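For reference, the structure discussed in these notes is given below.
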Amino acid sequence: MVCLKTLSVFLAAFAAADARAVFKTQGHKNSEMIPDNYIVVMKDGVSQDDFKAHISSVSSIHSTNKAKRGTNTEGMKREFDIMNWRGYHGHFDRDTLEEILNDSKVDYVEQDQVVRISGLVTQRSAPSWGLGRVSHRQAGSRDYVFDDSAGRGVTIYGVDTGIDINHQDFRGRARWGTNTADRDNADRHGHGTHTASTFAGTAYGIAKNANIVAVKVLGSDGSGSTSGIIAGINYCVQDAQQRGILGKAAMNLSLGGGFSQANNDAVTRAQNAGIFVAVAAGNDNKDARNYSPASAPAVCTVASSTINDSKSSFSNWGPVVDIYAPGSDIIAARPGGGSTTMSGTSMASPHVAGMGAYMIGMGANPRQVCDRLKQLATAAIRNPGFSTTNRLLYNGSGQ
């Protein structure tokens, strides 16, 4: 295991070397680092051939160092290529890490960290109020008023704990995508099914006609890794590109961890590629600037509101928050059938992901959707937090 303090001293000795890559330390004191696991990001302009040559070289160096020192490091684990933003994740010893940092083609390296869902489960039955709230300027209505196109022709990627794609709320519109978390292609937690139901469920969802793709990046305990999240995002962009739906797609990330430049860069590339990205602000009642992917400027960062148009007590806040959406006591689907109630910025984010798909289905450009949602939003949130918007999601129904 590499101690970050020792590593900082170790790296400082090479600070004068212009070619040396930057080792980024995450900026959140509560970040849970994964020992000896690193995310390596290549410089812009590195060709596919040079990237492959670098991968081959690192694999060879790792094998040599492992044989020489008898370490138990696993080496290269996965590669990323999100619209020519290239990198990889690996389990490396200190000497291999030194060689990576000395390669002039490497932009930066950061240590992998644990990422968790941003939702809190509640086991009581409560009526869903979010749909009515986002389609009316005033609080109190239980009617959801919406254009009947409802996201038709748009695909939403649920990057989460998996999705029960056979749940009756999806009516055949959901399919399995990929799994970067484990070997169990099922939602054993329930979080991912709930968020998917919120963004595109027939009964509980915003974009009732959108297609749904399950991208499992978190396990049954609701946790995963930054590298696994990036691998999931990588899949979404490549899948959308292969299917010709860039410009007709959205992505929901109801998850987060400490600040990660690599995580932020990955979601930014996805957004710039033509996928509208909604992310949860986080549930620690703290400034969301210290969290990723919430702190990525290009995405739509969502805080949570209550039925009374107040900031949810748990919701993160701050200048990176783009909009509020219903997140307390939200009812939606659960794996195996039926429904359950959950609270969190995890529940707020899919309201915005679904609304993004709704807008895209009516002709909006994914790159402009967040700005459009902020223009439409209602100035309704009381005590939103220091330097935080008070704008609440609204679909422009005229009600």
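Placed from the backbone N, Cα and C atoms, the Cβ positions cover glycine too.
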Annotated residue, N-linked glycosylation site, per Swiss-Prot; candidates Asn102, Asn290: Asn102
Candidate with sparsest Cβ neighbourhood (10 Å radius) among Asn102, Asn252, Asn308, Ser346, Asn395, the listed recorded positions: Asn308
Length of the line joining the Cα atoms of Asn252 (N-linked glycosylation site) and Ser346 (active site, charge relay system), in Å: 9
Rounded Cα-Cα span from Ser346 (active site, charge relay system) to Asn308 (N-linked glycosylation site), Å: 19
Average pLDDT across the domain 'Inhibitor I9' (38-117), rounded to a whole number: 95
The domain 'Inhibitor I9' (38-117): DSSP-derived helix, strand, coil residue counts: 30 helix, 32 strand, 18 coil
Spatially closest candidate among Asp160, His191, Ser346, the listed active-site residues, to Asn395 (N-linked glycosylation site) (Cα to Cα): Ser346
